[in-house]
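A.B. asks: Can you keep this structure in mind? I'll have questions shortly.
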Amino acid sequence: MLPLRTFFAAILLGLCLSSLPVLAADPPTSEAVQQSLDKIADRKLPDADQKALQQVLEQTLTFLSNKRESEQKLTSLKQQLAEAPKQTGENQRELVRLKASKVIPVAQRYNNLDVPQLEQLLSQRSTQQSDLQKALNDASSLVITAQTRPERAQAEISTNQTRIQQINTLLKMGKDNGKSINADQRNLLNAELAAINALTVLRRQELAGNSQLQDLGNSQHDLLTEKVARQEQEIQELQTLINDKRRAQSQQTVTQQSLAAEKAGSSSLLATESAANLKLSDYLLRGTDRLNELTQQNLKTKQQLDNLTQSDQALDEQINVLRGSLLLSKILYKQKQALPHLQLDKGLADEIADIRLYQFEVNQQREQMSSPASYVEKLLSTQPPEDVTPQLRKTLMDMATTRSDLLERLNRELSSLLNESITLQLNQKQLVSTAMSLRETLDEQMFWIPSNKPLDVEWFQGIWPRLQKQVTTLPWASSVSELSDGLTQRPLLFLPLLLLIGVLMWKRKALYHKLNRLHADIGHFKRDSQWQTPLAILINILLAMPLALALALCGYALQIDARGQNTNLGAALLQIALAWLVFYTAYRILAPGGVAQLHFRWEKAQVEFLQRWIRRLGLVVLALVAVVAVAEHQPAALADDVLGIGVVLACYGLMAWLLSRLLLVSPTHHNASLFRRAVGLVFTALPIALFVAVCFGYYYTALKLSDRLIDTLYLLMFWLVVEAAFVRGLGVAARRLAYQRALAKRQAAKESGDGDMVVEEPTLDIEQVNQQSLRLIRLALLAGFIGALYWVWSDLITVFSYLDNITLYEYTSGTGATMSMVPISLGDMIGALVIIVITFVLASNLPGLLEVLVLSRLSLAQGSAYATTTLLSYAIAGVGFVSTLSALGVSWDKLQWLVAALSVGLGFGMQEIFANFISGIMILFERPVRIGDTITIGNLSGTVSKIRIRATTITDFDRKDIIVPNKTFITGQLINWSLTDTITRVTLKLGVDYGSDLELVRRLLLKAAQDNPRVLKDPAPIVYFLNFGESTLDHELRMHVRDLGDRNPVLDEINRFINSEFKKQHINISFRQMEVYLKNLHGQEYKLVPVEDEPSNPSGPLKLDQGSADEPVKTTTPIKPAPKDAPEPPELRLD
């Protein structure tokens, strides 16, 4: 039984093992995968499956390629580690040998070489220098990589282990997201697993030999640094030697020509020719000197360009290697400080033009001297025959030959000078471009990476020792010494400023007195003027100047000291001086009874509140700008700046509290709109955001933003004061103009004899003062503020391009072979939000601005300006909508189908809204109604006040706003009283008694119309006798008025005139009369008549006149109401 049991157990174990999925197997070969990829079309799969399979096979090839690359790197690494000790020793020995060897001066080694040979040697050394610089950068990268390898390798190995476990789980389960894994997907996972394993082995080997690699990198770096320094020294000495030899040759030529000029004797011809040669030799010498200068500049520029190019190339690698490490921030700070201060030759362009012009003249002279014999014969032909001697001919021939040589040499020198100038110009342009690109990259990376460790528990535990160390290292004594030296060593520079400070302190009481006199003149029509406010502001600035000048003086003295140990403190003093000047001036402007209250007419409660909180905010800003100025000038020391971090955090907290009081609790914000409250909340949250940024280690970022935000605060305060001054100036000008007009009216009244008229001093509301000028001034100030704001933030705008590296999602672009994935970054999202804001601002303000600046100056028909501005708003909104979608990756070729589908669906579901929208567009284009038109539509009459997308607002004559859908104006009947002309006809109907004088009635009616100023003379009023009524002779007066507003007033005035004149002429206006008789069943008849003793009360009680059918009774009795319990009276009939 035992063998049988063992047999069945073995069979069962085999079945179990065979049922388990195979785990990691050998990856497929690249050739097999490539064959499958080539034959993918033969499988005849659906398009979606074929594309998915193609992606799987391509990813498999990528992983296999990564595996081979890792294996090759591993082989090279092992070889490098095997040779590293030997190479390190050789580098160290060579470095020792180089330092011990004595450098032989270049002038001794190559003194026997001529200039062309030296230039060739210089070119070779420059090429070697570039190679050495590149090798030095590689060695630096090797050292940096070795320093940061442990953290990065451990993190990468941990990530790889996690991925290996995931792949093993997938291979074990045989399913991925509930779907079975096919052979191709299994090959993909095996290939990825093999690539990860190969990479992990490589990283472990790098960790094992990291110390050897770091020693190798350090030895290479030290050796190459020494070689680069020696090579630079040799290049400089070579260039100096070349320059000396060139100048020696040119100087020799000048000397020879000077001797020739002295030997010329008294012959004028020889003297002239000798002077010409001497002039050419002198220019040759000056050209050589200038060529030497340009060569030196070119060499220096080329070296700077090579260094920057190598640094730029190494920077990307360093960023990728050290991303997330504090070491990267220190390296970036050092590179930022190592950037060269460019000194460009701005006159190169003009100099190149001058060289070209002079070379053209030299070439012309060369053509003349192409045949020296002909030139000499030409000269001798102008001389008397007896003066022409063989000696003269020989001397002139020697001079002509020398001049020809001089011109040849000068031409070559000019060509070299021109080439060197052009090369220097190109190198300088490239240097500027490279330096700007490198600076922008450094600024971007420094802004977005943490400069300090987060403020965790460990940081707070070690804060006291670091703070003590920082305080003890502060240069207190040297600061005082440098300040004293700076002030005493330059008395001519600082004494005038000290004298100015003394004068301002001496005249302080006089300035206060002058300021009070200016305040007293405010509001007086004769003494007040536009210059009062600028003078008052200037005096407040002068009151703030003494301390500001003293601080600026100390800061400048520290900055110009040659030792330069306290330049940071000097920069801080300069910033404190500026902050004091701004905030103390604002404090003085907000003083009780000061400029803000008297000149700007700000409320007293608001002024007192602002002054109190501005003073506190100014003290906080003074401390903040000092820390920002010091820290920005020494970014490499930010990691140890415990004192600065503490001060900055305290300032941020205080600023958040102060801004919340200023922007959210001030007296003017109790009834503020939601938008103003939101803006105030955003500005209050800015210091809190900076506080959080510092806590997370972004100290440098917070400092840069703080600097720009403080400058923005200065600009905002300056803008508010200037705007208020302009508004006050316009108000003063308007009041003066109104006062002058009042005086003119009084003078005119006196001249006409009415001398007792009293002139009331006019007081105009500021909103009535030349609104167009006020808008233009505010527009100009806003444009200036935006320009200054851009200038303040211009150097930080480029850092936001870093947001393009943060991808939010991707979308497909193109089809077929051109299809690609386009990423949408955080920068694109922010750009879309900016487009939305700009669209909103432009749609709200640009139409009004266009109307003020352009349309108001044109002679347009009524409503044309409104139609233009409304359509412009629609166009801006449409462009902004499309631009926003485009920024988010929604192109029109994708959007058009959605628009078409929505158009069809919404066309049925919201056809009334679409109809009103299209009708609104038609109204704006066709203009059947315009803003200000008086219309009647149905039983509604009124004035058109607004034309919107969906509906039009009509204000009726009861001042009620009635909303009418736009469709009604297109499909219904409409009366527009003022479309083409505002002249309308008014008809008045009345009737007179029979027997009236009809001609007199006609004359009176015409007189009533003709004497009324509202009635037009053309067309003339007309009176018609139209009808014989039941009890009236019906007349109709037809007249025309110019404006619709005159219709009711003219009826009122003419009716009053007719009533008065008809009474005078005893013409009765007829009205209906009715006699009422009551009969009872007995044949008695009663007539209703008014009570005689109350004739003035026609609505009083009536009396019954009793009588027979033939003759009424003379006695009357009043009708009394029946009691409540009386029986129902019999029915009465009116015969």
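Cβ coordinates are placed from backbone N, Cα and C, and glycine is handled just like the others.
All annotation found in TrEMBL is predicted automatically rather than curated by experts.
Annotation comment: TrEMBL describes 221-251 as coiled coil. As annotated by TrEMBL, domain 'Mechanosensitive ion channel MscS porin' applies to 36-271. Marked as domain 'Mechanosensitive ion channel inner membrane' by TrEMBL: 491-809. Residues or ranges marked as domain 'Mechanosensitive ion channel MscS' by TrEMBL: 913-978. As annotated by TrEMBL, region 'Disordered' applies to 1090-1135. What TrEMBL lists as signal peptide is 1-24. Summarising the annotation, TrEMBL assigns transmembrane segment to 491-507, 535-558, 570-592, 613-631, 643-666, 678-700, 712-731, 776-793, 829-850, 871-892, 898-925.
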A.B. asks: Would you kindly list the residues that approach the transmembrane segment (570-592) from elsewhere in its chain, counting only those six or more residues past its ends and only Cβ-Cβ distances under 8 Å?
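C.D. replies: Result: 537, 540-541, 543-545, 547-552, 554-559, 604, 607-608, 610-611, 614-615, 617-618, 621-622, 625-630, 632-633, 710, 714, 717-718, 721.
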A.B. asks: Summarise the model confidence on the domain 'Mechanosensitive ion channel MscS' (913-978) as a single mean pLDDT, whole number.
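C.D. replies: Overall, the domain 'Mechanosensitive ion channel MscS' (913-978) comes to a mean pLDDT of 78.
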A.B. asks: DSSP says what for the domain 'Mechanosensitive ion channel MscS' (913-978): how many helix, strand, coil residues?
C.D. replies: 20 helix, 24 strand, 22 coil
A.B. asks: Take the C-beta pairs under 8 A between the transmembrane segment (678-700) and each of 535-558, 643-666, 712-731. Which stretch has the highest count?
C.D. replies: 643-666
A.B. asks: May I ask for the residues of the chain that lie six or more residues beyond the transmembrane segment (535-558) and have a Cβ under 8 Å from a Cβ within it?
C.D. replies: 479, 482-483, 486-487, 490, 494, 497-498, 500-501, 504-505, 508, 511-512, 514-515, 518-519, 566-567, 569-574, 576-578, 580-581, 584-585, 588-589, 594-595, 599, 721, 725
A.B. asks: Same chain, outside the transmembrane segment (643-666) by at least 6, Cβ under 8 Å from its Cβ: which residues?
C.D. replies: 452, 455, 467, 470-471, 606, 609-610, 613-614, 616-617, 620-621, 623-624, 627-628, 630-631, 677, 679-681, 683-688, 690-691, 694-695, 699, 702-703, 706
